[in-house]
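First the structure, in the form of structure tokens, and then the observations on it.
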Amino acid sequence: LSYQQLCVWVSVCVCGCGCGIRSGIQEYDILTLPDSDAVNVSSFLCFFFQAGITEMLSRVWDSQPKVIKFSRKHQRGSAANGLRRQKRDWVIPPINVPENSRGPFPHLLVRIRSDQDKDVGIRYSITGAGADQPPSGIYNIDPISGNMFVTQPLDREDRASFHLRAHAVDMNGNQVENPIDLYIYVIDMNDNRPEFQNQVYNGSVAEGSKPGSSVMQVTATDSDDSTTANGMVRYRILSQTPHSPIPNMFTINSETGDIVTVAAGLDREKVSQYTIIVQATDMEGNLNFGLSNTATALISINDINDNPPELTVRTFSGEVPENKVNVVVTNLTVVDRDQPHSPNWNAVYRIVSGDPTGHFTIRTNPITNEGMLTVVKPVDFEMNRAFMLTVVVSNQAHLASGIQSSLQSTAGVTISVQDVNEPPVFPVNPKVIRFEEGVPAGTTLTVFAAQDPDHFIHQIVRYSKLSDPANWLKINRTNGQITTMALLDRESIFVKNNVYEATFLAFDNGSPPASGTGTLQIYLIDVNDNAPVLIPREAQVCDRARPNSRINITAADADADPNVGPFVFELPSFPASVRRNWTISRLNGDYAQLKLRISYLEASVYEIPVIVSDSGNPPLSNRSTIRVKVCPCDDNGDCSATGAVAAAGLGTGAIIAILISIIILLSMVLLFVVWMKRREKERQAKPLLIDPEDDVRDNILKYDEEGGGEEDQDYDLSQLQQPESLDHIINKPAGVRRVDERPAIAESQYPVRSSLPHPGDIGDFINDGLRAADNDPTAPPYDSLLVFDYEGTGSTAGSVSSLNSISSGDQDYDYLNDWGPRFKKLADLYGGGDDD
């Protein structure tokens, strides 16, 4: 091959191996080879380019660099040479640099040259992104020779082109040429694999889909130049799992990545999911030179209702007790191969025959899909001993087109009814009868009998009373005859709206026994057995007759029409003062007016009898008393306060209330006095000191009494006063003495103090007391209980301490023998004189 032919092949490989070697050869029309030879040569050159054609190309560029000259502008003039045509400026071709070159660097790209470099010294420079602007340092130029270099490998995916400007200046920095634009393009290399957007794709297609049905689309991108074969991705399916029904159920569009079905036979009940491995390859799918990557496509087969439900057997059976509801008779089992718990799988059951009265229904168990045949209306053994039902099952969703329903979707159900002991039933319940009130005891009202629905079993029915609020009735245990035990009173509180209601129980002797309840309602017809009662019972009028000073009266009658109004009101003839002072005028059938007959009546309280008669047949009358307060009135006809007090008067009820209040008040006072006395006794009985036998250590003492009046203040204060003399101690008869008292012996052994010492200085008082204590032979032992009942001037107690004692001389302790056996030891220790 010649050098020109090699350049053609190299340029073709740089643009992208496998992009049409033969078309490139024909385009340049430099090399003529047979088709087979051209293919062989193209394959060889592509492989050779991948192994190191860039190094060879760089050596060629280094040995023969391309020279780029600045454009020159020639002016037209009248020189000897005559007129000259201005030469056209050159169009600077772009500079192509392959990416990922392995050097060596810096690598010579082109040489920049000015035609004036022969006349003056020229300095060259380049500016723009990649030279003196970020990313700076990629390109540089020798300022003297004009050789332009690339200093590092380029990455087209990072930056695909550069725009630089070349400058030429003289040694003084003056521009000698106009700047020229340099365009550098990074030639793409196949250095990036296709990348899928997802590693796992999920798609679905309905089962039974026709060939050509769309399933899903996978997409891969390549960072290389998409206008060349380096970035042109093609897809293909590597494998399909499982291979049922055939290994190639799907195909993929090599350019778009769309996956479609290519064969029929998708059946979810056989294969519910397919796993497809998809490969994406650049270089237009050339497996020899392209880079590849894979992804997984999971294709789920969507269920359609192509399998009708099938009952497991043709005949089901069950039994049910009579008179029971919400009881499951039997479970209908079904098989459906469609997707569980979907409308294509959910079963719907229908009873098409055998139950015209609607005793049964079928509910679907949502978990097992079984049909639960349930009783919703009680069945009667005496009416139907068995049922023969026909049941049809279908899906919640309609069957897919072209699918025929199976004969197994229909089955028969035989139901046997079990006889149970039914309770007796009252034919009429409740039973209503009408009677006049007041019928005597022992009157037969009716026969309230029940019937036993168990016709095939002979049983005896008995009766008892269940509810009789007023205890007026009784029932015959054998035949159910109802008889009265007391008078029936319509006005009783147990009668509601003229009806008295009682309930009775009927029970048989079956096994187990059964009972039924019946209600008897007695409508009581009213008779005139209640006299009317006057209303109101109290009123007030003015003491002087006035037009508006009158009392409206009426009557109340417990009976009903026609035994009530209209009422007749009249005053009795006795006492005579009633008709003399008062009069009654009729207003209508139910009301009348009571008013004064005389012009003035003294203020007081008057009890006026009134006779009231009803309209019964015969009528009943009642003498009632109305209590009228007559009082002075003001100008408006209202009873004044003074008049009200004057007319008030105390009735019997008021007097009783006052007496009860007084008695209660006196009882409370008496109880309070008794309580205070008892508390006082408890205080007096309480000991002043704690029992010496009680160990009060580690005990909690409660001090709950403080203030005046307590026991600890009941002392004889005279005991705290200074005694005028000691005669009451000295003259005390011999015998058992208190240990804190002076012994009744002569006191010649110590000086006698004045009975009322009044020292002028507190120190003299203390010394005198100390001296008296030291010289006192009758002083009690140190471990005895001492009582200091006086403090103040002239105290005869003195000090009991022997510290700083000023006594000197001999002391006679023989008197200790007289103190009893407890002090004998002390007498032996301190007594005895010179013998000790």
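Just so you know, glycine gets a Cβ as well, placed from its N, Cα and C.
What TrEMBL records for this protein:
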DOMAIN    89-196  domain 'Cadherin'
DOMAIN    197-311  domain 'Cadherin'
DOMAIN    312-426  domain 'Cadherin'
DOMAIN    427-534  domain 'Cadherin'
DOMAIN    533-640  domain 'Cadherin'
TRANSMEM  654-676  transmembrane segment
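When DSSP labels each residue, the domain 'Cadherin' (197-311) comes out as 6 helix, 50 strand, 59 coil, counted as helix, strand and coil in that order. Under DSSP, the residues of the domain 'Cadherin' (89-196) split into helix, strand and coil as follows: 4 helix, 45 strand, 59 coil. Over the domain 'Cadherin' (312-426), the average per-residue pLDDT in this prediction is 90. Shown for the domain 'Cadherin' (312-426): DSSP residue counts in helix, strand and coil, namely 3 helix, 52 strand, 60 coil. Across the domain 'Cadherin' (533-640), the DSSP tally of helix, strand and coil residues reads 6 helix, 53 strand, 49 coil.
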